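So the structure is just underneath, and the comments pick up after that.
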Amino acid sequence: MAKHKHWGGRLYLIFAFALLYTPILYLIYYSFSSGTNMSTFKGFTLSHYQTLFSDSRLIVILLDTLLIALLSSLVATIVGTMGALGIHTLKQRKLQNFILSLNNILMVSPDVIIGASFLILFTTLGIALGFGSVLASHIAFSIPIVVLLVLPRLKEMNGSMVDAARDLGANRWQILSKVILPYILPSIFSGFFMALTYSLDDFAVTFFVTGNGFATLSVEIYSRARQGINLEINALSAIMFIFSILLIVGYYFINQYTQSRRNKRQRGGAYLQ
Amino acid sequence: MTTLNHKTRQWSYFSLYFIWIALFVIAPVALIIYQSFFGLDHQLTLANYKNYLSSAVYLKMTLNSFVYAFLITLITLVISYPTAYFLTKLKHRQLWILLIILPTWINLLLKAYAFIGIFSQTGAVNHFLTFMGIGPQQILFTNTSFVLVAAYIQIPFMILPIYNSLVDIDPAVIQASHDLGANNFQTLWRVIFPISINGVRSGVQAVFIPSLSLFMITRLIGGNRVITLGTAIEEHFLTTMNWGMGSTIGVILILIMFLTMTLTSGTRKAGTRKNHGKA
């Protein structure tokens, strides 16, 4: 009975994973087809990849997308970390929760609402739509996740470490740079990383605030996909899939590393307590 | 002296963060509400709300939007719960969970685009249908295809919170249930499911709210028609340039969002779609 159930479970999981990955592999499979559609495979070719790499418009868009992602995550990480430090120093619990609920508004709002309201904001302020508005929006929607990732780590921190540093004569800046920041560094990295994926992944918000002259990769894919099937997009998906795998493997190892370091520290710390 | 120091420190941490809250959290919400009271002629008016409430088209669309989001959530839940349950039985769970997360990193538009191929007249699904003797059907650009693709895209966001709640269950509880004479089904239904209800709640929240606003999938897969609140907002803001009406629908979407959150909140753990999806 138990054995039978086991097999049922395995079969179900095979079904679920097949469901999740078939569309993605379908895309990649046809990126090697010399035909023009996604119905019949017409012989192996790399020509779509060649077109892709010689498509200078797309390369510019790709570079812009990466630039936006890196800049926005950097700024969002700095502002978000400062926000988390600020919230942490607050004494009143109620005030902390109030600020956190403001923080979470952008986390739970549907993308269309964020996009539409930012569009109104930029128009009201008279800011031209384009690189600047997209960058500002990406910074804005990445800040809350940084706060949510850094704050728990701050709460985990033993307050007596800060007291000890103060007793040993460290000033405010030294306490921050020598004690607090090194301790919360792993969570700052996760925050940065998460902000990066938010930015790379976003379509809806960017679509609203991008204006006419500027496009990110998502917006470009959307406008091309609306014109029908173009196997160049398939080639692009294949490359992005490999890129995602690399990113996620990187993230996995960073996580494993910080986790094992944390465990080691906790084991080491047991003697001190 | 120290209190002064403390205060300035707090202020210096907060300054940029507060500017962000004021400018990108409070101002946009205030502006979208403000804008919803303006007509096309830039006069202060309640006409948008009156239009919305008296128009059969808008009310029907809101209802449809609800029904679609409900169907999407239901399909996702039915597929995801067993997946999450069986995942907890595996060795190397970390790795398998990573494989559930991986598809969420592929751009949503690329996944939707894949279905343009799969669902097309000569695509994989129709090949299969022809093989089964049903013959090719029009699948692409129908409401069914919209629901299916949206459900496909949301599956990982449902699996992860449910998995997180299931993996926390103490095996001793299940053991106890068996010892007390419950069979497998009773254990699942009376013990495991109630414990994991918070995960289900987070999952439903993570899927239902975005499902109301997935305008790009309606555009690409659902045949470019305005069938959900999200599409209506996009249409009003970017095509017909009637920002007042767009904002009104936006305000209604915000209200629905709060309603959904209240209905599904209970004592769930803090966590949002984005958290579960990517962390």
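Here the Cβ of each residue, glycine as well, is placed from N, Cα and C on the backbone.
Sequence-distant neighbours of the transmembrane segment (A:12-32) (same chain, 6+ residues past either end, Cβ-Cβ under 8 Å): 38, 41, 44-46, 48-49, 231, 234-235, 237-238, 241. According to TrEMBL, the transmembrane segment annotation covers A:12-32 (among others).
Annotation comment: TrEMBL describes A:58-85 (among others) as transmembrane segment.
Among the features that TrEMBL reports, domain 'ABC transmembrane type-1' is placed at A:62-254.
Sequence-distant contacts of the transmembrane segment (A:105-129) (same chain, at least 6 residues past either end, Cβ-Cβ under 8 Å): 136-137, 140-141, 143-145, 148, 202-212, 214. Annotation source TrEMBL lists transmembrane segment at A:105-129 (among others).
The transmembrane segment annotation in TrEMBL covers A:135-154 (among others). Beyond the ends of the transmembrane segment (A:135-154), by six or more residues, the same chain brings 68-69, 71-73, 75-77, 79-81, 83-85, 87-88, 100, 103-107, 114-115, 118, 122, 127, 180, 183-184, 186-188, 190-192, 194-195, 198-199, 202, 205-206, 209 to within a C-beta distance below 8 angstroms of the stretch.
What TrEMBL records for A:175-197 (among others) is transmembrane segment.
The transmembrane segment annotation in TrEMBL covers A:235-254 (among others).
Listed as Cβ neighbours of the transmembrane segment (A:175-197) (distance under 8 Å, sequence separation of 6 or more from its ends, same chain) are residues 69-70, 72-74, 76-77, 80-81, 84-85, 142, 145-146, 149-150, 152-154, 157, 161-162, 165-166, 247, 251, 254-255, 258, 261-262.
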